[in-house]
Amino acid sequence: MTASQPAGAVDALLLVSFGGPEGPDDVLPFLRNVTAGRDVPRSRLEVVAEQYRMFGGRSPLNDQNRALAEALRAELPGLPVYWGNRNWAPYLTDTVAEMAAAGVRRAACFVTSAFSSYSGCRQYRENLAAALAALPPALAVPELVKLRLFFDHPGFVEPMVDRCVAALAELPEKARTDAHLLFTAHSLPLSQARASGPRGDAYPRQLRAVAEVIAAGVERVTGVRHPVELAYCSRSGPPAVPWLEPDVGDRLVELAGAGAVGAVVVPLGFVSDHMEVAYDLDVLAAQRAAQVGLPVARAGTVGTDPRFVAMVRELVEEVRNPDLPRRALTEFGPWPQSCAAHCCVPPRQSPQHASRAVTDAAATGRRGDAAILMGNDATSTGRRGERR
């Protein structure tokens, strides 16, 4: 750290997200960014592109992130709030360069992904590291501190409880008491799910744990303990590659066949109503339920709920003051601020290779790369802002 930058100081917040097309002309270039390096045929991209075109070729995610950024500016007056994406403008590389040019020294990074996985956590650390590595040599390298995972924070859980209760009220009265709570999240290849977290299988275990906590919260409001289900959506890739199951549409059909009277579909794995919610749940899953006569309602996402926005401020304060108590509602406890080098390593990359990559980055003086990959604070090195 420098003499002018006190320990724990944070002088900006970076909102980090996936990105999405702003209009029809953006759809295919965006999808090419998402699938870069995977040799996905154009015919498959065209199929997915049609889903976006159903909504005017514009992802709802962007406007929702703009709204979240504005809410965060109101919640954190005096702290500049920036926004950067992995796959579309504003790109992280451009935003981090803007921050560095503005003199930002240490920024907290809030990623709109609550759970452990390569694509939902570690890959964002890699994206941040790449953005630092791409900075022009004339710019000092800011320190980027990714905020901890928030899947079991009350600021995420409590709004989801309220949204489940509201969705139950949308069901026909005779279906409300015995309705199932069908929690959903983005499916992952089994190999990636098994590698999630420091000891493996963190992604499905976190989802299950917080689903039970939310269901208990619903019970406190309604007096009814609803059956809890966990299903997945948005599967892609070759059919021969196993992914997390069951599919949400398949599970709705199974529930109807088993005599269920209704279900609330809860988009637990998403913080806003982006395309996976708008298409995979509101169109595909709803169609499957209608085909078998199962009444369903879809719970809302947290969006810009004031409790969720206040949670981000609380996570920033945890970085500013590591001695603050950290709130969490599952047996996982508050997720660590730092991730181990072997956490969420993609199956194609061994833990030894990942650790060596982090070590090599640190040895070359690229402090930002190592800090982001491992999730470390890096202030103890006394090398903040160095670039060699």
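Keep in mind that glycine also has a Cβ here, set from the backbone N, Cα and C atoms.
Values in this document were obtained by computation on a predicted structure and should not be read as measured data.
These come from Swiss-Prot:
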type	residues	note
BINDING	Ser59, Tyr124	Fe-coproporphyrin III binding site
BINDING	His186, Glu276	Fe(2+) binding site
REGION	349-369	region 'Disordered'
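All protein chains included, His186 (Fe(2+) binding site) registers 22 other Cβ atoms within 10 Å of its own Cβ.
It is 16 Å from the Cα atom of His186 (Fe(2+) binding site) to that of Tyr124 (Fe-coproporphyrin III binding site). According to its DSSP assignment, Ser59 (Fe-coproporphyrin III binding site) is coil.
Distance from the CA of Ser59 (Fe-coproporphyrin III binding site) to the CA of Glu276 (Fe(2+) binding site) is 10 Å. Sequence-distant neighbours of Tyr124 (Fe-coproporphyrin III binding site) (same chain, 6+ residues apart, CB-CB distance under 8 A): Val16, Arg86, Cys109, Val111, Ser113, Lys146.
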